[in-house]
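Student: The structure's right below; bear with me while I get my questions together.
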Amino acid sequence: MVLQVSAHDKDLGLNGQITYSLLSDSSGDHRLFRVDPELGSIYTKAVFDREAQGSYLLEVQSEDGMESARPGRNKQPNFDTAYVRVFISDVNDNKPVFAQRLYEVGIDEDADVGLAVVTVGANDEDEGANAKLRYQITSGNTGGVFDMEPEVGTIFIAQPLDYELQKRYKLLVLASDGKWEDYAAVVVNVVNKNDEAPVFSMNEYYGSVTEELDGSPVFVLQVTAIDPDKDADQVAVRYSLHGQGSESKFVIDEITGKMYAQKTLDREERAVWRFVVLATDEEGEGLTGFTDVIINVWDINDNAPSFVCVPDGCHGNVGENSPPGTFVMEMTATDLDDTAVGQNAILSYRIIENVHDAGAANFFTVDASTGTISVATGGLDREVAERHQLVVEAKDGEGMMGTATATIIITDLNDHTPRFKDKWCSARVSESSPPDSTVLKLDAVDPDSGPHGLLGFSVVAGDQGERFYMVSHKAEQSGTLRLRKRLDYERPGEQQFNLTIRVEDSDFSSLIHCIIQVLDENDHVPVFAPTSYPLAPLPEDIAVGTSITQVTASDSDSDLNGEIIYSISPESDPYGHFTVDGNGIMTVTCPLDREIVAEYQLVVLATDRGSPALTGSTTIQLSLLDVNDNGPELEVNYNPVLWENSPAPQVVWLNQTSTLLHVIDRDSLENGPPFSLSLPRLYAPDFHLQDHGDGTATLTALHRFDRERQREFFLPVVMTDSGRPPMTVTNTLTVTVGDQNDNAHQEGEKEIYVHSRRGKMQTTSLGKVYAPDPDDWDNKTYTLDARGMKYFTLDKSTGHLAIRQNTLAGSYYLRVGVSDGVWPDVVSGVTVHVRELEDQAIHLSASLRLTGITARDFIESQVDKTSRQDMFRGFLSEHLAVRLGAINVFSLTDVGLKTLDVRFSVHSDSYLRPEKLHGFLAVHKKKLQSLLRVNVSQVQVDECVYTDCRAGGGCSTYLSVSDTPTLVDAGNMALVSVTVTSSAVCGCTARDRVHQACSSYATNPCFNGGTCMDTLSGYRCQCPPQYEGPECQQTRRSFLGNGYAWFPPIRPCFDSHLSLEFITGAEDGLLLYSGPLATLLPRDPEDYMAIELIGGTPSLKINHGSGTLVLQLPGNVVVSDRRWHRLDVRSNSKEVRFTLDRCSSAIVMETEGVDSWAMTEDRSSCEVRGVTPNRDRYLNGSQVLQLGGVNENMSYEYPQLQHKHFTGCLRNLVVDSMLYDLGYPSESSSSAPGCSLTDGNCVNMGVPACGARGRCNGQWDSFRCQCGPGYTGIHCEDEVPEFSFDGRRSHVQYQVGWSLPARHTSVQLQVRTHVPSGVLLSLFSQEQNEYLRLEVFQGLLAVFYNLGDRLYNLTLPFQRLDNGEWHEVELDRHGKEFTLRLDGGGGRQEVTAAPGQSQEIVIDQTVVMLGNSFPSGNNHSFLGCLRDLRLNGRPMPMAKQPSVGSKGLQVVTSQGVSPGCPSDACRKHQCYPPFICVDLWRKHECRCPPGHMTKENDSSKVCVYTLCVSRPCRHGTCVAHSPAKYSCHCSEGYRGRHCEVSLTLYHNNDNNTLSLSSAFAISICVLAFLVLMLGLSLYSCWRRHKGLKEGIYHVSAHHGEWEDIRENVLNYDEEGGGEQDQNAFNMVELQRSLRPSPAQSLWYSYPQCIIPSSYPQTTKPPDTKNGTKPKGPNGPKNGSTAIALRLAHPPSGSATLTSPIAMRRSHKSLSFSSQDLARYLCEVIRDTDHSTGDNPGYMTSLRPLSNKAQRGRLAVRSLSSLSDEGQGSEVRVHGGQESLKGQRSQSPRLDRLKALRAVASELRVDGAVDSAAAKSTEGQKDKVKDRECRAQPNCEKSG
């Protein structure tokens, strides 16, 4: 029985009786079993084999005994079925069986122990424990070499294998399951491996070879090795030699093992060679054995003996008078040969050059075997010869010898008496000498030396007062006589001393007598006797030359110290009326006047002639007596007024209170009154003067006067005094006829021209309103029309008009009412022309200086109603061929009496350059003088003509512009001009030029469109391609043979240097001319300079104003060879040098002198010199500079010139370090920028051959590329890497493979550092006594050098390198002339000097040291970063890597250098808030955030918030003055307090601008047109939609996150609804718009293929239930536009569009028509017209915010909750994001208003609008708030 099944039936009886049965199945399993039908027991019917089938499945059915009562059973009983699975259990009835009967495997003999060899496996069909097998080796395992894993069957190595012991193993393996077994055989074949290294026949091999053998190679020995491996191929052993000398000195045959010496050996260099020989089997690929090989080099006698002492010198010493046999010294020699080989190193000595005494006997002898030198004979005397030299020879046994010189010093004995060098001595000493002063130095001689030569000095007699003492200098054998006490020449006995002085050594002494003369000093002041001189009074008319007294002074000093010179103190005689001669006699030198000085207190000085001079004084009192030398005069300056039309006669009132005329006399009373007063008869008809006899008189007018006929009378009053003799004088009394209003005033017209600089102008007076009236004393009242009061003010009483501050440019017509209260009122007109004057107009202005005229005269109308200003403008218009309106006279300045400066500009397309204007004015100067009837004293005002700048190095005229304008009023014309002042500035302007900040220049300092960039060292220029100058200058210009080009004057410094380069094939031509353009008029300067080519030879003509100097190079010098040449003109005021090609062809001769090298140089082939004639020393460079020819379209014939044009090219014109821009001349003909002769070589198929960052140096038939700073490569396309130098002996040492010229050195390098000192580059000669060292010294660029004569240095002052910025450093040396340049040079960034005489240095090519000096052990290393080193134009890479142009260059050593130039200053240093860290490259600074002020106190600094944080300056920079005050520095083109006013609407490169008034007018017209069109469209829309207010407007369904989720719609599961529908009710259909908006038109017009990529699809609605917002691409992002325009699209997908702005950016063609806009506006207007009563369900109301509401928050009711007043949704706008509170949406009409705002903004802006994401958060807030406030009429914008 297998098991029993059981079923249950709840029915009873037969209905519950169960019968069991097995159901048949297709598998037939039921046939093998049976079931008991009643009990349900299952039994087997067969024997089973588990291995055949492991289980059986039976279906058992239970069935009751009755028919089923259940429907559908068809009277069948009830039944049920169950499945039974029967498993067959296993018994061990199968034996294991191996898969293979034989296993065979191979294994290497060197296989590791434990390595698995093979895994055998047997199969047992039983299962469980019956199938668990165990394995073991039963036989064949010799030596237990193998073992087996019993459970796995893996055989592994248990003991090491050895092929040589056993090659094959046959193992019998058993597999057993505990009952049954099976066997298999395993054959293991051991594979032979190379495990034995070759073995040499000997452990060490010895061999020998004789040195100096020829006929290499020479066989030395043979080594042999065998391979112990069994069956090894012995022929496969290979030999190799290792050790010092292998391959170079010795080689080995790798097959035979034979060793050879392949080079001649020197035993003395190395006597024994040791090597290791390796033997490797398998032809060098297997195991290796080794042995040592020792080779001895056998000696031959090939070395001569040498003395040991020779390198340091062979020295010995012996005392003088030493006896024979005294030891002197050892002379030891060595022989490098082997002492063991023959006589090669056995030495013998002898003296071959000895010293002899008077008897020819040798002084010294030497031991032949030891080399010991001793004294041979007596008589050595040190005083005769202090040293002797012997030549000693050492010879070996084979005859080779060596010699050495022995120097024997004779030591001293005290055998001589010291003696003074002189027999007697004398000296002079001043009595004023202080104690310890040196009086005399005495020298003595003692032939002895050492202690015996130390001498002492002392005073032994003649100094009774002990005034002197001696100081001994024993070693120098000298003594100094000094003062012990101060001397007094005036003291008796101290005028002279006779001293006895002794000198002595340790044993002997001698004496000398010295006369000391005391010199008198000026130590006494002259003394007058008596001390004062009172004199009797003198008449004031005393004759000039009269002596008045004599003074006498005495001085106790002698000689010049006692000689006295008399003088009078200037303070006591300021007018110089007296003088005193050498005898003290005082004399009258000028006429005296008692009325000026009545009494004198003359201080007479007595000064001796000592040094310094001493002065005594005395006072002389002198009074003057009066004489009648002054006539009567009017007491005051009377200005009487006599009113016209007054009845006659009438007394004239001389002032407001009196009619009396008073007369005075400055003489004394005896020479004064009484006076006699009268008028000449000529004036009797008009006036009568009544003399009252008491010094007064009365003036009476005798008839009526008319002021319009005569305004003033000048009455000569004749006055006589009572002096003796009497004096009569005439004074003029001016009587003014007072004006009465007896003439009517007229209306007048006045024109006023006002110039405002940069559009800025302060309130300025415009002069008086013009109303012609013969009466000029009227009290008029002036009234300005109300329309003019906005921009002008008027003084009602004076009629003076003023313009208000910052009035806009334009023309204004004013009407001014004029009333005098008597005559009828009139209205005068005033036309005010306000012109904005650009800085460029001032910068490019021209000037004239006129004499004999004032500014009023210049603008005042003449008889023909034409002013000189109009004449002048017409003159310019005619000769310059420009329209009259292009000429602007903007400044008139009276600079002196009848001297006027006129400054003007001419704008025709662009501003004409001043040199062109000045040139044409100079040509037509004579004609202009005739036209204006004035004298033109200067064309181009030059104040240097009147200034002495000889000590300043140069002179230039500087323009200063004042913000205070100048008014010139001439009645009916007035000019408010910009005040421009010219002043002379001494100094060399070009060399003193400083690079300042970009903003400090009126115009861009960079030429040709270069970009100005600020640095800590001033501005730098970033230049367009092909502009090679440091300030983007065009450096080359072509001339075609009949043209010219005008450029600014050269204005050289007094010590000037001009250079230029040229290329030509023509022999004749004019390169440069600066001089007169017309025939000279009187007082015109004749200065000029011209450089010509005459027959192919350069010639210079120069005139400093007083004669011409002509310098021409030798005739054999020809420069018309189609190569570039350079000319230099140097002048040091008088001497002029003219040099060709830097005189590279000069012949330099250096000869060695005694202590130095003497240098001679012949420069005659390349340089000529001369001196300008007469007195003038400087070139007046005010004339226009003409290059490549002169303008011959003038009447001037240029008599100075031989040739007037040039064919070729010029480049690099430099005047005193200033590089000219040759790109845009002010006037030119047949000339073009660039060089047409060479530039073609620089272009390859239209592409620059040197790339955009390279400079092409074109030749006639070739070119060469020079990469710009920081770039390298064939086309200069690669950036040069940066390297950091750590300053700890860091350096890079180069070895260059090319020759470095001796007379020229060029270095270029880029430097960045904060350290003030460090070596940049060092160059040395081989002896290192000559060098050149470029370094940073005290923060400045410097070069230290020695070219063989002495040490010099040159430093570039003012410009510091240690500011942490990259700097370009250049050193250029030509001969002895050195030039340092920083950042391109020019001005103070360049310095040149040429001290010394030496011209050459031969540089050692193996020691070129970067970043340190040599040797590098002396640490002067550089700390910082370097890059782009170029030596003589060749790049020098700082890393060991190939570089273009660096072929032949080797980096020998590199230390402390790493790639890159990083800075992590702010990572290492932190700043405490609110300060922010600013990385200044390896330095940091804690600064306040932008807009804050920094305030410092004693302990710290703090940041103060200012209004600049809010960025109030729209187009400029905010400068905070205090937390609440700031000012805006506006950018170019803007003005206003907040830089909100644009000055120009359009500005092109030609400076053509559209004025603000014109732009405003155009804008108004355009706006009016748009308003008209919009009105018509709105009217049409209103007509179409009238009466449609009842319709329902639907909001677009696709509105992103503002979805309307009704709060009265519940989830289904909350009401027992369906479990799967959990979504809120969808309002899409209700929200869909019935009409497309303009934005929808945008959407549908957009290509559908682009929409999915541009606007992400919304796949899931936001979860508003939980109050969350969608994240990811569909949700709002930080910085996105705050309010988006909703765009409708098909319902298959939804997309969120950020704004029309974003769409416009992504697709430029996206637009909608004005009809769309009009239609959309109509819809909005119609919707907003709905009233609450009309449709309360869809009306969105706005309610004002409460005071507590947040800024920018809007409260808007939901569509579904309008009935509840208190429930409204809020949209919070913050940082460009919307936060929804509740589940309500915003009004669709508000959406439309905001969308309308965005669309309208799109219409106004033409072009791309900056992305909102690029704005700052604050900017986004302001924009959003601004948009919302503008969209809602009730919204108030706070702040």
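Every residue gets a Cβ built from N, Cα and C, even glycine.
Found this in TrEMBL, in case it helps:
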- 2-98: domain 'Cadherin' (DOMAIN)
- 99-200: domain 'Cadherin' (DOMAIN)
- 201-307: domain 'Cadherin' (DOMAIN)
- 318-420: domain 'Cadherin' (DOMAIN)
- 427-528: domain 'Cadherin' (DOMAIN)
- 538-634: domain 'Cadherin' (DOMAIN)
- 634-753: domain 'Cadherin' (DOMAIN)
- 994-1033: domain 'EGF-like' (DOMAIN)
- CYS1023-CYS1032: disulfide bond (DISULFID)
- 1034-1242: domain 'Laminin G' (DOMAIN)
- 1238-1277: domain 'EGF-like' (DOMAIN)
- CYS1267-CYS1276: disulfide bond (DISULFID)
- 1281-1461: domain 'Laminin G' (DOMAIN)
- 1504-1540: domain 'EGF-like' (DOMAIN)
- CYS1508-CYS1518: disulfide bond (DISULFID)
- CYS1530-CYS1539: disulfide bond (DISULFID)
- 1559-1579: transmembrane segment (TRANSMEM)
- 1655-1681: region 'Disordered' (REGION)
- 1655-1667: compositional bias 'Polar residues' (COMPBIAS)
- 1759-1791: region 'Disordered' (REGION)
- 1808-1839: region 'Disordered' (REGION)
- 1818-1830: compositional bias 'Basic and acidic residues' (COMPBIAS)
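For the listed features, I'd like the structural context: burial, neighbours, distances.
Tutor: Taken through DSSP, the domain 'Cadherin' (201-307) splits into 7 helix, 49 strand, 51 coil.
Broken down by DSSP into helix, strand and coil, the domain 'Cadherin' (318-420) contains 0 helix, 45 strand, 58 coil.
In the predicted structure, the domain 'EGF-like' (994-1033) carries a mean pLDDT of 91.
Taking a C-beta cut-off of under 8 angstroms and a sequence separation of 6 or more, CYS1023 (disulfide bond) has the following same-chain neighbours: CYS1006, ASN1008, GLY1010, THR1011, GLY1029, CYS1032.
Beyond the ends of the domain 'EGF-like' (1238-1277), by six or more residues, the same chain brings 1025-1026, 1028, 1036, 1063, 1122-1124, 1209, 1308, 1310, 1368, 1427-1428, 1433, 1435, 1443-1445 to within a C-beta distance below 8 angstroms of the stretch.
Every protein chain shown contributes to the tally, and the Cβ of CYS1276 (disulfide bond) ends up with 22 other Cβ atoms within 10 Å.
The list of residues near the domain 'EGF-like' (1504-1540) in space but at least 6 beyond its ends in sequence, with Cβ under 8 angstroms from a Cβ of it, reads 758-760, 806, 999, 1488-1495, 1547, 1818.
Here CYS1518 (disulfide bond) comes close to GLY1491, LEU1507, CYS1508, ARG1511, PRO1512, TYR1526, SER1527, CYS1528: these same-chain residues lie at least six apart in sequence, with C-beta atoms under 8 angstroms from its C-beta.
Within 10 Å of the C-beta of CYS1539 (disulfide bond) we count 20 further C-beta atoms, all protein chains included.
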Student: Between the Cα atoms of CYS1267 (disulfide bond) and CYS1530 (disulfide bond), find the distance and write it as a whole number of Å.
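Tutor: Each residue's Cα considered, CYS1267 (disulfide bond) and CYS1530 (disulfide bond) end up 39 Å apart.
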Student: By a Cβ-Cβ criterion of under 8 Å, what residues six or more beyond either terminus of the domain 'EGF-like' (994-1033) are in contact with it?
Tutor: 839-840, 842-843, 1219-1224, 1248, 1252-1253, 1255, 1358-1360, 1363-1365, 1367, 1382-1389, 1529, 1549
Student: Cβ distance under 8 Å to CYS1530 (disulfide bond), same chain, sequence separation 6 or more: which residues?
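Tutor: Looking at Cβ-Cβ distances below 8 Å from CYS1530 (disulfide bond), excluding near sequence neighbours, one finds CYS1513, HIS1515, GLY1516, GLY1536, CYS1539.
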Student: Can you tell which of the disulfide-bonded residues (CYS1267, CYS1508) has the fewest other C-beta atoms within 10 angstroms of its C-beta?
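Tutor: Looking at the disulfide-bonded residues CYS1267, CYS1508, the Cβ with the fewest others within 10 Å is that of CYS1508.
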Student: Per DSSP, how many helix, strand and coil residues does the domain 'EGF-like' (994-1033) have?
Tutor: 3 helix, 10 strand, 27 coil
Student: Across the domain 'Cadherin' (538-634), what are the DSSP residue counts per state (helix, strand, coil)?
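Tutor: Across the domain 'Cadherin' (538-634), the residues distribute as 4 helix, 43 strand, 50 coil.
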